[in-house]
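First up is the structure itself, then whatever we jot down about it.
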Amino acid sequence: MEFLPLWLCLGFHFLIVEWRSGRGTATAASQGGCKVVDRVADCRSLNLASVPSGLPAHSRMLVLDANPLRVLWNHSLQAYPRLEDLSLHSCHLDRISHWAFHEQGHLQNLVLADNRLSENYKESATALHTLLRLRRLDLSGNSLTEDMAALMLQNLSSLEVVSLARNTLMRLDDSVFEGLERLVELDLQRNYIFEIEGGAFDGLTELRRLNLAYNNLPCIVDFSLTQLRFLNVSYNILEWFLAAREEAAFELEILDLSHNQLLFFPLLPQCGKLHTLLLQDNSMGFYRELYNTSSPQEMVAQFLLVDGNVTNITTVSLWEEFSSSDLSALRFLDMSQNQLRHLPDGFLKKTPSLSHLNLNQNCLTKLHIREHEPPGALTELDLSRNQLAELHLAPGLTGSLKNLRVFNLSSNQLLGVPTGLFHSASSITTLDMSHNQISLCPQTVPLDWEEPSSCVDFRNMASLRSLSLDGCGLKALQDCPFQGTSLTHLDLSSNWGILNGSVSPLSAVAPTLQVLSLRNVGLGSGAAEMDFSGFGNLRELDLSGNSLTSFPKFKGSSALQTLDLRRNSLTALPQRVVSEQPLRGLQTIYLSQNPYDCCGVEGWGALQHFKTIADLSMVTCNLSSKIIRVVELPEGIPQDCKWGQVDTGLFYLVLILPSCLTLLVASTVIFLTFKKPLLQVIKSRCHWSSIY
């Protein structure tokens, strides 16, 4: 009994140690699940049902994304009073208790995207109203209506950035954003907005960026947000965009009206700073030249604007088109995928600062190049996929395209270009004339040649670096048509017979070429082995779709990185070819869709070792009339191929000799059977006496 107190003390001591140990383990586990670095606690995707309580109290940022929290209770965040950033993205939240943010006096950024806050929006709104320093709020993806959003944003005058994207907003008025005088950026994309009342944004005096993409707005009339710098109204159903007819200076710099149903060029502010205008994928056209101007009363459209008891009528001249718009600062204009049949006279003159013009996928049939049209500042012009059959260059005009660097004329109906057009573009580096039925001039055309040219001359274009002539129906090249250029990229694909089985017509640009595409040009059909030894800087070579029966030579071309030999007539992968230094330095090679013989792929193992075959699983070969994947071949030459290595004469001798001997014996027996006297004589002479 005297030892009982001692045992009790020891037991109590061990219980305390065990309890402290267990508590320490729990704390370590709660911190171990979250990544804590420099006052940032990242607890995303940990399947947490509540906010962890064991994180550092001085944490400034807490990320709880993708956890099934469901409810944010009053006490959930009490342990972290210094939070400045809180992210609760995709937490299944349907309720935020009244005092959940009561202790969060420092919170500036709050993300509540992709939750279910519409279910208890009044209580959640009460919780948000306690955040007096909040600057950024993300409420996207919560099924909020405009009334719910208005209640949640009420009294949050400190907000600078708000996202209400992917909700169910339909109609906006001045009550939704009331009191948000400091708001700079507003994201309303992917809602169901079909109407915006006049004055809905008038109280947002500091608003600079507005995103209304992916809604159902049918038109924007009397646009007067002069302070706005960025406006995105793409992917709506706009048929009209009309800025207010006032002399106030607009700050708008970027306007995106792409992917709508615009019928006319937008009427832009009369005084503005617009430098980027996106109008692709609409139904725009210029109609002045198509309309009978003798009926002025039919040349206007009137818009009736009803705002409460006030009715305004806006009258717009339909054929005025662009005349009153300020385009002087415009640098980037995209009008691709429209229905433009022509560009009005003077249109491009109003854009002296224009550097990028995209007109692809329209209905243009001709283009006149005059003084200041296109403007001298233009560096990139895309006229691809139109119906251009004529390019007109004003007589005596030189240097009109002196700053042009990228010129795309692909997929048109051009047969030639005006003499001197490319030489006036003295800075051009990239030219795409693919899919035009042009022909190359057999000799240099004089610059003072006045007759329309029916061919194209690329000689002596010193600045040209990239040229695409894919699918132009060109005949065999003669007399070095690229002489005087320093081409690094050349595409001659789909011009059958253009090289006439030899790469010698490219000798003038061979030292500078880095990327060469000779896809589907008829190489290898009855021609000698292709030799690219003179192409010392070649990095990429496309020889697919030809009839090559052997690997091309690359002696001295150590820069080669990519080689495409698909869809040829290669039957073997010799070891000697694979061991060449240029092929050993390859990074990517394509070899599929060739009729390889499995008995001739001894170089396959070395290629696999280099790990450069991009279409490895698609390469097949023929083994005993069976098509199998080369990766399934056993190491070394298959057993079935050994007979193929024996001398052919000896093979046939071994095959025929037994047949001949058998035939000789059979013939002798038959002959003797029908010659009975002779047979008896042989028997009598070959008869031996028996011992019996």
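Placement of Cβ uses the backbone N, Cα and C atoms for every residue, glycine included.
The DSSP secondary structure for Asn74 (N-linked glycosylation site) is coil. Marked as N-linked glycosylation site by Swiss-Prot: Asn74 (among others).
All protein chains shown were included, and the count of other CB atoms within 10 Å of the CB of Asn155 (N-linked glycosylation site) stands at 15. The N-linked glycosylation site feature in Swiss-Prot is assigned to Asn155 (among others); the stated evidence is sequence analysis.
Here Swiss-Prot flags 182-203 as repeat 'LRR 6', drawing on sequence analysis. Taken together, the residues in the repeat 'LRR 6' (182-203) have a mean pLDDT of 96 on the 0 to 100 scale.
Taken from Swiss-Prot, the feature repeat 'LRR 7' covers 206-227.
For Asn232 (N-linked glycosylation site), the same-chain residues lying six or more positions away in sequence with a CB closer than 8 A to its CB are Gln189, Leu210, Asn211, Leu212, Ala213, Asp256. Per Swiss-Prot, the feature N-linked glycosylation site maps to Asn232 (among others); the stated evidence is sequence analysis.
Per DSSP, the repeat 'LRR 9' (251-272) is made up of 0 helix, 4 strand, 18 coil. Feature annotation from Swiss-Prot assigns repeat 'LRR 9' to 251-272.
Annotation source Swiss-Prot lists N-linked glycosylation site at Asn292 (among others).
Positions annotated as N-linked glycosylation site by Swiss-Prot, on the basis of sequence analysis: Asn309 (among others).
The N-linked glycosylation site annotation in Swiss-Prot covers Asn312 (among others).
Residues or ranges marked as repeat 'LRR 13' in Swiss-Prot (evidence: sequence analysis): 377-398.
Long-range Cβ proximity for Asn408 (N-linked glycosylation site), meaning a same-chain Cβ under 8 A and a gap of 6 or more residues, is found for Asn360, Leu381, Asp382, Leu383, Ser384, Asp432. Positions annotated as N-linked glycosylation site by Swiss-Prot: Asn408 (among others).
Here Swiss-Prot flags Asn500 (among others) as N-linked glycosylation site. Remark: Asn500 (N-linked glycosylation site) has Ala476, Leu477 as non-local neighbours, by Cβ distance under 8 Å and separation of at least 6 in sequence.
Swiss-Prot lists 537-558 with the feature repeat 'LRR 19', giving sequence analysis as the kind of evidence. Counting residues 6+ beyond its ends, the repeat 'LRR 19' (537-558) has Cβ neighbours under 8 Å at 488, 493, 511-525, 529-531, 564-574, 577, 580-583, 585, 590 in the same chain.
For the repeat 'LRR 21' (585-605), same-chain residues at least 6 beyond its ends with a Cβ under 8 Å from one of its own Cβ atoms are 544, 558, 560-579, 612-615, 618-623, 628, 630, 633, 635, 637-638, 640-641, 644. The annotation repeat 'LRR 21' is assigned in Swiss-Prot to 585-605.
If you look up Swiss-Prot, you'll see Asn622 (among others) marked as N-linked glycosylation site. Neighbour density for Asn622 (N-linked glycosylation site): within 10 A of its CB lie 15 other CB atoms from the protein chains shown.
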Positions on the same chain near the repeat 'LRR 9' (251-272), where near means CB under 8 A and six or more residues out: 208, 213, 225-245, 278-287, 316, 318, 320-322, 324-327, 329, 334
Remote residues contacting the repeat 'LRR 6' (182-203) - C-beta distance under 8 A, at least 6 residues beyond either end: 140, 157-174, 176, 209-218, 222, 225, 232, 305, 307
Which same-chain residues, if any, lie at least 6 apart from Asn74 (N-linked glycosylation site) yet have Cβ under 8 Å of it: Ser97, His98, Trp99, Ala100, His102
Asn155 (N-linked glycosylation site) and Asn622 (N-linked glycosylation site), distance between Cα atoms, whole Å: 77
DSSP residue counts for the repeat 'LRR 7' (206-227), split into helix, strand and coil: 0 helix, 8 strand, 14 coil
Per DSSP, three-state class assigned to Asn155 (N-linked glycosylation site): coil
